[in-house]
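S.K.: Quick one: this structure, given as structure tokens, is what I'll be asking you about.
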Amino acid sequence: MAAGGGKSDDFQPFPVKDQLPGVDFCLSSTPSWPEAVLLGFQHYLVMLGTTVIISSIIVPLMGGGHVEKADVINTVLFVAGINTLLQTLFGSRLPVVIGGSYAFIIPTISIALSRRYSSFVDPHRRFKASMRDVQGSLIVASFFTMVVGFFGFWRIISRFFSPLAAIPLVILTGLGLYAQGFPQLARCIEIGLPALVAVVFLSQYVPHFLKSRRGIFERFAILFSVAIIWAFAEILTAAGAYDNRAPQTQFSCRTDRSGLISAAPWIRFPYPFQWGGPRFNAGDAVAVIAASFVAIIESTGTFITASRYASATPMPPSVLSRGVGWLGVGLLLDGLFGTGSGSTASVENAGLLGLTRVGSRTVIQISALFMLFFSVLGKFGAVLASIPLPIMAALYCVLFAYVASAGLSLLQFCNLNSFRTKFIVGFSVFMGLSVPQYFNQYLLVSGHGPVHTGSTWFNNVMQVIFSSPATVGFIVAFFLDCTHSYGHSSVRRDSGRHWWEKFRNFNTDTRSEEFYSLPANLNRFFPSF
């Protein structure tokens, strides 16, 4: 020991884990049924915020009112329930919710504000006409996504993934949505800030005070926080705290300003082509295809996060490509039913897996049943959808942070003493935040993006791609990882490729079959290569 050996109690690096330890229920396990139902309802509650936000943005621009917004929200929930079941049963098999995507807002707004609708006097007719154009573009984009997934193109690309390239992707999948966090919370600080404090206190501090019941507060902190702060907001509204405030403040703070409860029907079944037959425009379709490309990249970051928090092994490229193919099927359903926007793997629900430490696939399937149930019973769903958005934004501050931290956890596979690693991680994360900030700020100030040519579809394509932090960060990191010091003997180990090597093929590691094989022995007909 005196000759230079370390002491027995010297600190040692934490061992690398390809499965996350400390998870209470992994991908293939299930909590008790009462607990699973409550957890499923909690996942449904979390995905409602994005659904309401996206619908509230696009429907008024398309000419719709409260009735149309309520119908679109119910349609989005209905299709999200179907897509989530399909993804968990036949797609990636991961515990991911497939819901509305912000990536499709730019092309949808471009369609809604098109001059071709200037002749419409009736807002409802204008809404239906613009919705039909959006439907046609989503249907075209769905075939692009299905080809990329089912024909194995994403499998080929993902074979070159390394932990180093995945780090900026996953980090920015969470951090890239920062505008939906505190800025939205601050629209009504008196309910948003208490909601943030409540969810942090109940999930992180109370479990250590009450060790005998720590599982209850860790797993249901979202439900407790929403119930407490929502009741507080109801009291403020009833007491007249917002009676003489600005319209925007009343909309954000009051619990009776969403207009959804009175507009929603008691029972309504969404059905294909409910707004009329789809119409196809080449320029619109190209812009939506660009949005679907962004959705593929962002969903990949969410898939990696979900596999980590479900204590599953890294996804084989064939399974990832299969999941992307079923995202295309989801886009097709979005187009057929008329959701007004495409879908992607929900970032906030992936973060909820980390908060609850429950990565059960069954829980997510139960949440899909809640989506279907409340989409049909419109009044009941509208009550939950009327939760003030600052409360949901408070939840996002925690849930998006969990996704970003999942990306940081991938650093354990890389050589952090390598200057190549430091440059690629730092530069790609910085550019992933800086470039979209430039594009979004330019759009806010000038009313159009920095790429302002005579071709609207080209402008939209550039704006969609470079407004996505995850997409920009991943493109930079993937390019640098594949080209910087290519062929150098240390690159493979520094980027962590050797840790993921055994998961490149489906049958190399026996755990892949446990987590990702299809049900009912369907692998015989749809083998994973």
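Placement of Cβ uses the backbone N, Cα and C atoms for every residue, glycine included.
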S.K.: Select from 96-113, 276-293 the stretch of residues annotated by TrEMBL as transmembrane segment.
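M.R.: Residues 96-113 are the ones TrEMBL records as transmembrane segment.
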S.K.: For the transmembrane segment entry in TrEMBL, name the matching range from 313-333, 460-480.
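M.R.: It is 460-480 that TrEMBL annotates as transmembrane segment.
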S.K.: When you get a sec, could you say which of 41-60, 181-200 is annotated transmembrane segment by TrEMBL?
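M.R.: Spelled out, TrEMBL records transmembrane segment over residues 41-60, not the other listed ranges.
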S.K.: Tell me, please, if the transmembrane segment (222-242) and the transmembrane segment (41-60) are in contact, taking contact as 3+ Cβ pairs under 8 Å between residues separated by 6 or more positions?
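M.R.: Yes, these stretches are in contact.
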S.K.: Among 41-60, 96-113, 423-440, 460-480, which stretch has the highest count of C-beta pairs below 8 Å with the transmembrane segment (160-179)?
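M.R.: Comparing 41-60, 96-113, 423-440, 460-480 against the transmembrane segment (160-179), the winner is 460-480.
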S.K.: Report, as numbers and ranges, which residues of the same chain sit near the transmembrane segment (41-60): CB under 8 Å and 6 or more residues beyond its ends.
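M.R.: Sequence-remote neighbours of the transmembrane segment (41-60) are 68-69, 72-73, 76-77, 80, 97, 99-102, 105, 108-109, 112, 127, 180, 219-220, 222-223, 226, 258, 260, 340-341, 346, 348-349, 352, 356, 363-364, 366-367, 370-371, 374, 384-385, 387, 389, 392-393, 395-396, 399.
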S.K.: Where, among 134-154, 393-411, 423-440, 460-480, do we find the most CB pairs under 8 A to the transmembrane segment (96-113)?
M.R.: 460-480
S.K.: Counting only residues 6+ away from its ends, which parts of the chain sit with a Cβ under 8 Å from the transmembrane segment (366-387)?
M.R.: 36-37, 39-45, 47-49, 51-52, 70, 73-75, 77-78, 80-82, 84-85, 88, 97, 226, 230, 255-256, 258, 260-261, 263-270, 349
